[in-house]
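Peer 1: Pasting the relevant annotations from TrEMBL:
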COMPBIAS  547-557  compositional bias 'Pro residues'
DOMAIN    18-483  domain 'Major facilitator superfamily (MFS) profile'
REGION    508-557  region 'Disordered'
TRANSMEM  21-43  transmembrane segment
TRANSMEM  55-72  transmembrane segment
TRANSMEM  109-132  transmembrane segment
TRANSMEM  144-163  transmembrane segment
TRANSMEM  175-194  transmembrane segment
TRANSMEM  206-224  transmembrane segment
TRANSMEM  236-253  transmembrane segment
TRANSMEM  274-297  transmembrane segment
TRANSMEM  309-331  transmembrane segment
TRANSMEM  338-357  transmembrane segment
TRANSMEM  363-382  transmembrane segment
TRANSMEM  456-475  transmembrane segment
Amino acid sequence: MATTKAPAPPAGSRRWAALPFIGLAQLMIVLDGTVVNIALPSLQRDLQISDGDRQWIITAYTLAFGSLLLLGGRIADYTGRKRAFLIALLGFAGASALGGAAADFEMLLAARALQGGFGALLGPAALSLLAVTFTEPKDRAKAFGIWGAISAAGGAIGLLAGGALTDYLDWRWCLYINIPIAVIAAVGGFAILTESRHPGPARFDFLGVLPVTAGLVAIVYATGRAGSDGWGSAKVIGLLAAGAVLLAAFTLVESRVPQPLLPLRVIADRTRGGAYLAVGLAVIGMFGAFLFLTYFMQVVKGYSPIRTGTAFLPMAAAVLLSAGGLTTRLLPRVPPRALIVPGMLVSSAGMLWMLTLEPGTPYAAGVLVAELLLGFGAGMIMPASLDYATHGVDPGDSGIASASVNTAQQIGGSIGTALLNTIATAATADYLVSHASHGPSPAVAKQALVEGFGAAGAWSAGILAAGALIVAVLMNTPCPEHHPVPEDKTVPENQPAPEDQAVLEDQAVLEDQAAPEDQAAPEDQPVLEDQTVLENQPDAEEAGAPDLPPGTPAHSV
């Protein structure tokens, strides 16, 4: 019975060398969610885009991203995570070049949609690569602390970069900046990353792809139209209803097909489900803060784009301090809700602080306090939620589990922005109507904007507080050391998985050849490429252990 001996996998130091390149990919994805926001007025003037159409420069990206994430995760699982990572990076760079060279609105819109499509492949590929690269509990905590900090702080960094590039170069560089980032990540990833994929032939669930993609497109498109048509319009209600029906049909299909796009076992676990909800609700509650604080500083306070971007730096610093200094240390020692629940409550307090903002409020007493609270809370929520997003999941499903949490982020951001912007706009209009007797004046207009931001902040605070309660009830998992180790069925790229053989977790040897528990495996015993040494053999890193060493929890992404 022929077997193949595995090549030596990356040592511990090489695994850490892979993290910067995986992190660069995530940074690029997060940056693109906000870097264009500050450049929007400039590009709108250059390309003569109407006020009604300008929102689609942002929505085209999130629409393509959010609706294709599940498919992207499955492609990464079956075709190879490293391969998908590299293809997505190069595609993202090409789409960014197209957008930077856009001559009109339609060309820019197509480029943004292409960015979102390649981002839907890049996000889950990068996150699942992180999951199979870091498997020791302490290493995972550090790696996901860094990853969570990138995810949480990337939005603020994008606003800073957008302001600097728009002020000193041109709005087109907000898109061109992705090209060197993608090239560096691709070159480093090609040299360092190890390929892995789901065992068996690639069988895509096209019956599931159609309803989930159409359903998510309908929901995201509806939230994009709500700002102009209103949440009560027939078009928006019809799209939301159609999206709900399509997603219900998707769930029914997934429960019946042999190889589903999204195995229901991935989302059925309470801890994983709580992690997805935590990410989605946190993004719904906090994503609007970037929009409202940006408009408060630029329109109400009169800040320039670069000054606005710089003013967001304390938020990024708070995220890094919270994620790297606190969450990373506590993550291996405490249950997930012990970090996520306080993080949501702190973030809720930050959104409530927006109620205190007035046109004359100094930066240090207003915006700065809100930013610090939001940043510190996000630094607790994101690393813990992302780490537990694949709690107990089969490593072969890590790509689709990663896609699920990314979907929660993108759909949450789209819904949150549309919902909160609608609330803010309505509150602003009500204030203007109630003060119409005073006549139009800049002071009244600024105060109306502040009233709108405060109303949106109150709703955001309520969403985050409700999220804290939901997480406290759902996520009852104990500390990481008590987590069961799922069966490892991930196989390297160059070794096909025999359809008629069982692949054993962490050993990848046939059942009738397994070494006894108290006896080390013979040196001449053939092993499959994903084999890891038994517990009584030398240390995993010294022996060149593959991506998933034994005895390590693979509970999360």
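In case you wondered, yes, glycine gets a Cβ from its N, Cα and C as well.
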Peer 1: Averaged over the domain 'Major facilitator superfamily (MFS) profile' (18-483), what pLDDT does the prediction give?
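Peer 2: The answer is 82, the mean pLDDT of the model over that range.
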Peer 1: Is the transmembrane segment (175-194) packed against any residues at least 6 beyond its ends, judged by a Cβ distance under 8 Å, and which are they?
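Peer 2: Those are 9-10, 14, 17-18, 20-22, 24-25, 27-28, 31-32, 35-36, 82, 85-86, 89-90, 92-93, 96-97, 99-100, 111, 115, 129, 133, 161, 165, 492, 546-547, in sequence order.
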Peer 1: Are there 3 or more C-beta pairs under 8 Å linking the transmembrane segment (21-43) with the transmembrane segment (456-475), counting only pairs at least 6 apart in sequence?
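Peer 2: Answer no: the transmembrane segment (456-475) and the transmembrane segment (21-43) share fewer than 3 Cβ pairs below 8 Å.
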Peer 1: Take the transmembrane segment (206-224) and find every residue of the same chain, 6 or more past its ends, with a Cβ under 8 Å from one of its Cβ atoms.
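Peer 2: For the transmembrane segment (206-224), the list is 55-56, 59, 62-63, 66-68, 70-71, 235-236, 239-240, 242-247, 249-250, 253-254, 257, 260-262, 407, 411, 414-415, 417-419.
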Peer 1: Check the transmembrane segment (144-163) against each of 21-43, 109-132, 338-357 and return whichever range has the most CB pairs under 8 Å.
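Peer 2: Ranked by Cβ pairs under 8 Å, first place goes to 21-43.
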